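J.: Below are the features I grabbed from TrEMBL:
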type: COMPBIAS; residues: 1813-1824; note: compositional bias 'Acidic residues'
type: DOMAIN; residues: 1-80; note: domain 'Ig-like'
type: DOMAIN; residues: 176-261; note: domain 'Ig-like'
type: DOMAIN; residues: 337-426; note: domain 'Ig-like'
type: DOMAIN; residues: 433-529; note: domain 'Fibronectin type-III'
type: DOMAIN; residues: 534-630; note: domain 'Fibronectin type-III'
type: DOMAIN; residues: 738-832; note: domain 'Fibronectin type-III'
type: DOMAIN; residues: 927-1026; note: domain 'Fibronectin type-III'
type: DOMAIN; residues: 1031-1127; note: domain 'Fibronectin type-III'
type: DOMAIN; residues: 1131-1225; note: domain 'Fibronectin type-III'
type: DOMAIN; residues: 1404-1500; note: domain 'Fibronectin type-III'
type: DOMAIN; residues: 1501-1601; note: domain 'Fibronectin type-III'
type: DOMAIN; residues: 1602-1702; note: domain 'Fibronectin type-III'
type: REGION; residues: 1764-1785; note: region 'Disordered'
type: REGION; residues: 1802-1825; note: region 'Disordered'
type: REGION; residues: 1888-1917; note: region 'Disordered'
type: TRANSMEM; residues: 1703-1726; note: transmembrane segment
Amino acid sequence: VKCGRGQQVVLEGNRLVLTCPAGGSWPLQYRWTLNNSNITDWTSQYRLSIPSLKRTDAGLYQCIVRNRMGAVMHRRTDVHVAFMGSFSAEEQRKTATQGKAAIISLPPLPSFPQPLVTWYKDGHKIIPNNRIAITLDNQLVVLATTAADAGRYHVEAVNEMTGENATSPASELVAPAMVIGPKNTTVVAGKEATMECIANARIEWYKDAVPLSILANPRYKVNAATGLTVRRVQPGDGGIFQCFARSPAGETQAHTELLVSSVAPTLTFPPSDQTVTDGDTRIVASGSVQVPRFLLLQSGGLQIQPVSFQDSGDFTCIATNTEGTTNASATLTVWTRSVISVPPVDQRVIKGTTAVLDCNATHDSRINISFNWDRSGVAVLSSSGGRVSIRQGSLTISQTWSGDIGDYTCTVTSKAGNDSRSVRLEVIELPHSPRSLTARLNDSDSRSVHLSWLRPFDGNSPLLHYVLELSENNSPWKVYLSEVDPSVTEVSVGGLTPARTYQFRLCAVNQVGRGQYSAETQRMMLREEAPSAPPNNIVASGRTNQSIMVQWQPPPESELNGVLRGYVLRYRLAGLPGDYQEKNISSPETNYCLLKDLIIWTQYQIQVAAYTGAGLGVYSSPVTEYTLQGVPTAPPQEVEVVAINSTTIRFTWNPPPQQFINGINQGYKLLVWLEQSPEDVTVVTITPDYPSSRHTGLVSGLRKFTWYYGSILCFTTPGDGPRSPPNLLQTHEDKPGPVRQLSFTEILDKSLRVSWAEPEEKNGIITGYTLWWEVPGAESSRAERSLSNSTLQFQLTGLTSTTTYTIQVAALTAAGQGVVTSSTISTGVPPELPGAPSNLVISNISPRAATLRFRPGSDGKTAISRWIVEGQVSVCFTCMCASVTLCLLPFFWTDQFRMQQVNIVGASPMSATSRLIQTLQAAPDTHPSNLNLVSATQTSLCFSWKPLPESEYNSSPETMGYRLRVWRTDGDGEDRTDDVKGDVGTTEVTIEGLSPWTQYQVQIQAFNSIGAGPWSPTAAALTAESVPSGYPLNVSAEAVSSSRIMLTWSTLPRSQRNGVILGYKVWYDEKDSEGSPKVQVVEGEGNFSLLLGALQKYTMYVLRVLAFTRLGDGPPSNPILLRTKEDVPGPPVRMVFPEVRSTSVRVVWQPPAFPNGIILGYQISYRLDSRNPLRWTTVEVGSNARQFTVTGLSSEQTYRFQLTARTAVGWGEPQDALVVTTERRERPVPPRKLSVPQDEVESCRLHLYWFAGSSGSCPLRYFTLQFMELPSGPWKTHTADIPHNVTSWTIDRLKPFTSYKFRMFSTNDVGDSVLSKETETVTTLQDVPNEPPVILSVKPFTTTSVLVQWKSFYSPKTNVCCLFAELKKFKRYQIVMTSYNIIGESPPSDPIEVSVGEAAPSVAPQSIKVSAVSPSSLEVTWDTPPLETQNGLIQGYKIHYWERENQNQSEKVKVIFVPDTRVHLTNLSSYTPYLVTLTAFNTAGDGPPSDPRGARTLQSAPSQPNYLSFSEVTGGSVNVSWGTPLTPNGQVEGYRVIYHPTAPVQGVSKVVTVDVKGSWQRWLKVRDLVRGSIYTFSVQALTVSYGPPIQANVTAQPVKGTPGAPMDMSITKTSSALTIHWSEGEVGSAPVMGYVIEARPSDEGVWDSFIRLLPPSSRSVSVPLERLRSGISYEFRVIAVNRHGYGQPSTPSVALRPFYEEWWFLLVMALVGLILILVLVFALLLHGHSTKYKTCGTGLHLLTLDNGGFTALELNSRTLNTKNSFLKKNGTRSPPRPSPGGLHYSDDDICNNYNGAVLTESTTLTEKPTEVSESELTDSDYEDEQPKHSFVNHYMSDPTYYNSWKRQPKGLKGMAAPFGYEECATADTEPYYQTVVTQHSTGGAYTPTGQPAHTHVNPNTNPPGSRTPVTGFSSFV
């Protein structure tokens, strides 16, 4: 039913039309009610029309709609009729006392609605003021009336609805006033007296309070102008006269006294004789009496109170005045009062006896009295039969019964007074029998039964006691309890025998006697009891130190007292008091138990008991057993731990108490561990010293001056005991170790700063430091300083510029001076601008601050004064140390920073920007807004809200969420909270699991990973109506008869109704029935009973009740099992005669199909069919009999047999059959002419007709029916016992609209006939569909239509859509669907609710643009959809975005609310293509998505390479390889490799950086390692910037398991080749896989691969001489290789020198040279007189020969483009290296031997850095353009000079040309691989790898003061 208006107002006489739109299965019927009374019958009209509305038609109208599925009620409509009547025509007069308040009410005026009223006085409108007010009921109130308020008032009323008005009649308000009042007057009798009374109102006179109008004295004349005139005054006129002035406004009065003089007194009312009863009050006469009980009244009368008998006599009244005296007398007679002297008394008589109620009275003898009896106000009369009689006041009732019970009253009536007495008559009888006697087992006593009953009627006599009888195991009844307290209604009957059955009955006893017995209880069996004997043969044995195994055998079977369920084992310490601990063994088959967690080495006492379902039996006798030996449970005692020196501590202790050792003491363990490292424990074991009570032990090898914990434990064979409490102690102080991190900063020309760190091994308290410095070799220059322990740096001044100093530092403790740390350093040059800081690292990030740490840049040869930090948000910080805290940052703020450093020269360049950071998160500080209910279902509420803007997240969007708190308005249940996680843009959520039809309160808050924000204001919501969630309570059933059951219940709890209960449904069916239960509907919420009829007799039924609402059925109640009462049985079935002889037959049967009870036996009756039908021969057999043989029959006769079954109720219906006593029998003929009339075919059943075939001499017994479902179903039996005497049958349980065929066969005593012919094809009729469609979704399509999608039950794979249009906006509709055919409709589907008024937008947003903003964000802009397609107010947009190739895993949604049409998608993957679609949404849902738009994010720094590995590890080289970054975040352009030793090598830490161009090369051969040192390698990938590094360590030595060094290395040489020989060394842990030959040319100085992997069987190899370069000496070595890697290299071979380096060749060349010199000198002398000496510089080179001028000349004459066979074979090439041209040194540091050449002048070397890649350098490049020689990049070990080869010192630019190098050979076609080599030298010359040994010297380019790199330069760096 759709919602309508709740109230209507209609003008009188207008037409009223009420409609009742409803949805549901047709046909629908409507009924209208007015004020709960039906005004129409059930019709198909949904509209109620009243042509002319009357006032009586107003009221509450309600519409009820029903169909086959149920009924619903429209909510009531209150109809009011607008009208206005007329005021009453009477005028009102209102009188008010002056000064009092006056209220004038509105005259009655029928009107609706209440009219608007205006009051008028004398025609003038009344304005309310502080004295006059108009109430809400339109009453006029005058608070204090005055004379001016008198006047005429009227009111005008206007009905706003009808427009009518009315004027009331006038109301007059008069305030009467006395103008002239009367005065006291004295007049002489006979004269005339006038009393004035003039007033402004009507006047009325009274005399002695009696109105004159009543006295009607003609002498009294009233004149309005003058007053009252009394003519001819008489004495009786004297008295008090009152003058009343009255008007409608009030009244006033005045009085006067008229005195009449000169008249003798007269008695106007003389006294008279009176007779009274003593005790009464009586006025007798007047007089002057001053006696108690006598009172003289003002009127002259005499009052006597009370009157007594002595007051009888004559009384005289005397009246006297000045004129005379008069008197009169009267007689007073007093009677004695009549009273009941013998009252009746309460009586209790036995029913049927006579009751006599006596009643006697005393009275005055002068009067008569009479007696009357009544009962409860009804007179009791004598009955005609004499059962009730009244004699002389006594009431006699014979044959009393309960109707005579009551209160009787005896009343005495007389002239002297009346009297009455009441009495109670009770009729007692035998008490009734107790009702509802029930018995139940006693929960606490298995041998008792708890009886309860309802107290019976006591027979109007208190019960004396009850008598209880019982029957044990069907034995006779006997009295068990003879006197049960009558005040109780329940009793516990004890002393019964377990496992026996009992019945009980009860009777009540009162003083009359014993009443009838109650109904017997159901027979019940007592529960089993606990065993009465313990288990047998209990054995216990110790298994471990904390466990004992217990075994036993069960108790004797005869003493189990029930089914054995298990055992309980209890145990405790033997010989000690204490509670038992118990173990429950729940399996009766288990006869053992392992007791665990016991005390070690302890004796236990153990008992076992068995238990049944009734409880635990008796425990066995205890057995005892010990646990095995265990570990000690107490530590050693009185432990003392002291340090005796700096590395040893001593323990002394006493053994633990013997009782806690728990076994044999095997010794002690001394435990020592560092205070901060409890897991690293040093253990020393001590053997116990039994004779001694005090033990001692030492622990040595400890750290010096270190805090240790010392503890000791005792142990036995099973293990260790507990430790003693640890003692904290410290080893003694000792001399400290060397200081750490000795370094030098602020190196200037004459000063430097020495810094160091505390020693790692302090070995005590540092008391100070000693610092020495000196110039090596100059003892006199040594200086020493003693420094405090807080000084970790010292400024050395007064040094000599460019001088090498040796500086030593040692720490001091109380034990002495520690190890000295020494280093050398040279003073520097004047300061320069500092370098930019690097390695900016941000840490300690908090919500509002972060710590920035960095590596300072070069200090410019002086100290840094400060650092300046800049942020992108213009935040600027200044700090004075190498870290800074950045404060006052916004919550969760993204920023990056850069910085510069400042020294005395100025500021450095800005550093590279730091990584992008975010401040930490904080909890939200606001709540979501606009919390509204979107929709409600039965168990859920859908809420929407406006999310927080991103600026208020205070955290990452991924951690944001919303939390809703929901609670019931009525306070029931607990509060619940639901978290909404996932997309932070979520705008709605559905809260499930709520109770239907319940009011809830909801709040929402935002939360993130830090915490939750505040709660929003509360929103209320109501869940939809649903089916009940509970079932009716107190369901009970009672079998009324054999076919009827009365079922009752009570309503279900309110919290489970979930809506308006329309009624109840009762499900009932036979127990174990497979079909659907039958259903009966009880309409109305207040109906709680149902009588089920037409049930099967003596059948167990399953009964359940459920409630239902308009939405469906609730759950059924728990099933109740009830059997209908027993009845007579039906006939036995399948009665046949398989054996028939001429004189006997054997009859066989089966029990009745409807036994209707317990079959007690059968009766076989038979007779000749032709004889008297009343003469039967009868035989009875037992209930188990199924056959019987009848003998003594006549041959060839037809006999009629009847078979009848019997139950306790009686004999049932007989089964009749004929049999012929003959031996000539045959099978029957099948039925024929089977037919099915079409008009008797229904949807699920039909009627089959046939003709029976011939049975011959053997009568038919039954038919069997078979059917086949077409087109291909098998034949099945439908009914197998159709009676033989029928010729038609109803076939049910068929399918609708299905074709069938049928056939039959007959059965007689011989057997079955053949099958009959099949019927024609019969098709059942169609039926209504039994399943409704399933509604999949209901969505608003436009603002006036909804789109419904459903699927049919009969076509589940097909979805169907339908558009419902022309709906009303802003209405809520319920959608219900049914399936229908031409027959009718299916049941309705579940209703789906939908709101109409807004639909989802029909067009996606327009003009979508996606552009990249940063590596992690995209910007999306769009235009709103066209207005005509929005279908309502657009609330926002949903942006769906995903990675182009990974939509399923990466798709996300972001919600934006209007008016925003721009959004930044953040937290995206760098350099990744994304696709974006947009949808607009409103309250109705989401619109269609737009076409995808795409964009790629920008590049960013890559992730670290996915792996870093090492191979070919030798003592001096390693091959480093790495993987590509997992997330490149762009195009990888190269890699950076950085390596350095983890500890200083020879006092120096060297850092080497190599840049590898291109992304294809991911390996690097490093050859300059120092054997045995550990190196840290890190690799970074490069895109737009370098990503994070991956790091790993490697030791420069062969790994474990590699082969040993080959042995017996030797070389033999021929004219064309040389041969290398070796023998196999140690194999290692894996077989040798081959050998590698390495060579070291004399011009390079490093080992390089010469011949790659040789077969493992090789022991020699030949090398052609052309592979070697001329003039170069070579050393060779051999390395074995297995799967672990490179092994130890062999001993290098002796260097092979060319012949021209032999001594004899050099001697010859020297002699030849000497001769040439002499010739040259001689020639110069000849020409010296004519020419000057001239130096030829053009085209000539001064060569420094490394090993003789001949070799140099030979090398110089070689073609430079000749291929280098050595490089070609080994596939490697030495890369160009930078020269240290930017360094400036003094002449004192020049080494005089550099590569064997004597340098006489300093040389400045400069060269640009060279970076190589596959794309930049090829073999052709090397052939066409010879690269420059370079120094090794170990000059880069100092960060100051890293990548600084382009820099020149100030003052050196232009002074030296680049020092030229030429490579002597290049490779041919092999690709170039970069190799980095650095080398340390301790006195020899440094030779760049792959470079010729000669040096080109240009004297013009080497100015004085420049220097050549010196030996050991890398150590200096």
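Cβ atoms here come from the backbone N, Cα and C positions, even for glycine.
Give me the lay of the land around each of these features.
T.: In terms of DSSP secondary structure, the domain 'Ig-like' (1-80) contains 3 helix, 39 strand, 38 coil.
Taking H, G and I as helix, E and B as strand and the rest as coil, DSSP gives the domain 'Ig-like' (337-426) the counts 3 helix, 48 strand, 39 coil.
Applying DSSP to the domain 'Fibronectin type-III' (738-832) sorts its residues as follows: 3 helix, 47 strand, 45 coil.
Over the domain 'Fibronectin type-III' (927-1026) the predicted model carries a mean pLDDT of 83.
As a summary of secondary structure, the domain 'Fibronectin type-III' (1404-1500) carries 7 helix, 51 strand, 39 coil according to DSSP.
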J.: Using DSSP, how many residues in the domain 'Fibronectin type-III' (433-529) fall into helix, strand and coil?
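T.: Split by secondary structure, the domain 'Fibronectin type-III' (433-529) comes out as 0 helix, 47 strand, 50 coil.
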J.: Looking at the domain 'Ig-like' (1-80) and the domain 'Fibronectin type-III' (1131-1225), are there 3+ C-beta pairs under 8 A, with each pair at least 6 apart in sequence?
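T.: They do not touch: fewer than three Cβ pairs between the two stretches lie under 8 Å.
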